[in-house]
Every structure is written in C-alpha cells, then in structure tokens.
Amino acid sequence: MWYHKLLHQQSRLRNLMKRGNIAQGLHLSNFKSLFSSSIHWCHTTSKSVNCTWHQHEDHLELQYAGTVMRFDYVWLRDHCRSASCYNSKTHQRSLDTASVDLCIKPKTVHLDETMLFFTWPDGHVTRYDLDWLVKNSYEGQKQKVIQPRILWNSKLYQQAQVPSVDFQCFLETNEGLKKFLQNFLLYGIAFVENVPPTEEHTEKLAERISLIRETIYGRMWYFTSDFSRGDTAYTKLALDRHTDTTYFQEPCGIQVFHCLKHEGTGGRTLLVDGFYAAQQVLQKAPEEFELLSKVPLKHEYIENVGQCHNHMIGVGPILNIYPWNKELYLIRYNNYDRAVINTVPYDVVHRWYTAHRTLTTELRRPENELWVKLKPGKVLFIDNWRVLHGRESFTGYRQLCGCYLTRDDVLNTARLLGLHA
C-alpha cells in the first residue's frame, strides 16, 4: 500500500536529512519476485550479471535484479531506442506505433554483457539495458513512490523545524531556490522571509519558480473583507479547512499567500496535511479510502457580483490515486463548493457519507492542525493538491495578496535543480 511505502520513505528521508544528504535516499531497494513459474528459463550468469528469461507466445518474461518482469512484444518493439525509432536529441519517438504488427514476435533474443538484444522479423535490432528495463517495467514502477513526501501533523512538523528561506537567497541563488523547493516537495508547504510587503515583490517571488496561473480571479489577486467577489474568503468570517478551486477540472496546483497589512486581531491561517489524514483513513478503514478514491463528485462556483459572472464546474473524486502503485497525489476537499450529489447511485450514497465523515474527522483532529500567523514579509506557498488551508475570524482591516502557480512548472523547476519531483 502507498502509505507503507511513504512511511518507509519518510524514515529514510529523516535519517538522510539529519546527515545532510537527501538525494541518496530516494532509491528503493530490490524487492522480491512478484511471480513464480515452473517454466524453463534461458539462463546467463557472469561476475556482474545474473539474468534469466523465457519467450512466451506474446511476451517475454525476464528475471533480473530480484525482479520478475513481463514485457509485451509490441511494447518491446514500440520502445526501441535505435536512431531510426527514437530521436535522442528531442527525446521523442520517431517510430509510428500504428505500423507495428500487433502479432509481432522476435526471431532471436540474446544477452551481451548487460544489454538484451531483440532481432525482429524484418531484421531490425532493438537493444535494452537491463537496468533500463527494470526501471521502466510495470513491476518496477508499481514499487516506486512518484514523489517522496514526509507526512505530518502539528507536532511532527514543529519537531522537524523546517527552515524558511531568505528572500534574496531565494531570488539570487539556485542553492536557496533548491532548499525551498526541497522543503515544499517534502512537506507541501514552505515559507520565504524578509519579502518587501508589496504585490510587486510577491509577484516577482512567485515568478522565480513558475508561470503564474491566471484564473477568474485574475493573475495576481488582492483582497480584503469587502465582499468584492462572491466568495466567503472576501469576508471576516472563519473559513474551515479546504482546498481551493475544486470547481476547476484541474484544481490549481500551488497557491501563494502574503499578508500585506492587518490592523486588528485574529486571522491566523490553518494548515492541515490532507495526505496525513488520508493515511489515517487508509489504516483504519481501507474500504472507505477506496470509496473516496472512486466516487466522482461535482464541485461548483456560481458568481454574480458586480461585473463578475462565472459558473465553474469541476468533477472528480475526493482522493485521487495513481492506478499502478496506489499512491495518493491529489485531495479535492471543499464543503463550501461541493455541488448537489447526483453522480452517485442510491445504494452508494450513504456509504459515501460515512467515508466522508471518517475523513472529515481526521482532518478536524486538533493535533493535525498547524496554526500560523501570517505577517508582512512572510510569504507562504501551499501545495493545493495536498495541504488544506483555512483561517480563524478576524477584526480590523486586513490586506492579502497572492496568486496560483501552475503545478507542472513548479515541478519542472525542481527537476532541473536535480530534485525528485
């Protein structure tokens, strides 16, 4: 299950962070064979290679590095990395997949050192490095966590003492940017300190890691409690924990908050790790976790205030998981914007409400709540696909600015800096 992998990763990541080295901890150890067989295998051994394979009618079964893998012959032909099939400069496929015979079968298969060679009926030769096959096989991928994370409640996060990054260091050095992104990827939140309290400097900060995602709220948003938009956020009322833009088909990936001024009391920001809460549900009621990951719901935003007229609808389950490794990658939770439940059969509705209540109970546990007082100069970045946010009610005049960032661009920046994202 995905949480077992995450717990294992978290333990290794914490140990590595204590030693100042995180990159080496992202590789999983070899795992036991997923299949057993009594068939006759081709067997090749050397000082460095122990590899066996068997040719079936429509696929190759390969055992290497403690892994038993199965590869469809069409897949093996389609993924050929020869110069005529794959452009190594653009990293794009040149082969027309539709031209591959769906009944194709290699004439010969042989191993040379760590390379496995396939000769096809037309004489074309495909070769694969054994480690590449392990890395890209389904059996290999299902054992890997796509994005290593450290799940947290309030106590765990405070004990971690995750440092903020200085504004100038963030803007001017790759070291500062990498440190910030590493914290953000692991915890789903990160802070930048000593930012001049202006909308312009907040925008400059955001553009350092991503394109700003323009939405119905504009490019940069600036709001007070004047109810200038048809949203509870534009009031002084408390906001329960939620993720934003659940009414978009693809919710915004990252949001940025900067409190420019507050002349009053209250208004603390609430942060809850939705993945930590989901893990608790999976451990206590796995059938409810599964239901929340399969039942699609509509979320809706209807606005008719002044010149703003919008009707947005987004559809998806509360919990979104990768089907091959069951890893959670997105939580869509907003009781304010959830539309009429009309996508769920009668006999599932009550079970869904029960599962929703279980998740809500975990999200509302006081020990899972991290309260932060935002102030001028301190900018908060939130992974909107993971961490829920809210606020307590407040008095006085309060100005906030911020924006949404495109998730793909943030992850792109992280990968270019050598981070696992």
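Yeah, the Cβs are placed from backbone N, Cα and C, and that goes for glycine too.
Annotated in Swiss-Prot:
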- His242, Asp244, His389: Fe cation binding site (BINDING)
- Lys179: N6-acetyllysine (MOD_RES)
- Lys236: N6-acetyllysine (MOD_RES)
- 1-15: transit peptide (TRANSIT)
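Structure with Swiss-Prot features highlighted.
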residue : record                 : Cβ within 10 Å
Lys179  : N6-acetyllysine        : 19
Lys236  : N6-acetyllysine        : 17
His242  : Fe cation binding site : 23
Asp244  : Fe cation binding site : 19
His389  : Fe cation binding site : 21
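When the Cα atoms are compared, Lys236 (N6-acetyllysine) and His389 (Fe cation binding site) turn out to be 16 Å apart. DSSP assigns His242 (Fe cation binding site) to a strand segment in the three-state reduction. Other than His242, Asp244, His389, the residues of this chain whose Cβ falls within 8 Å of the Cβ centroid of the Fe cation site are, in sequence order, Leu239, Arg241, Thr243, Gln255, Asn334, Ile382, Asn384, Leu388, Gly390.
A separation of roughly 23 Å, to the nearest angstrom, links the Cα atoms of His389 (Fe cation binding site) and Lys179 (N6-acetyllysine). Straight-line distance linking the Cα atoms of His242 (Fe cation binding site) and Lys179 (N6-acetyllysine), rounded to a whole number, equals 27 Å. Secondary structure at Lys179 (N6-acetyllysine), as computed by DSSP, is helix.
His389 (Fe cation binding site) carries a strand DSSP state (E or B).
A separation of roughly 26 Å, to the nearest angstrom, links the Cα atoms of Asp244 (Fe cation binding site) and Lys179 (N6-acetyllysine).
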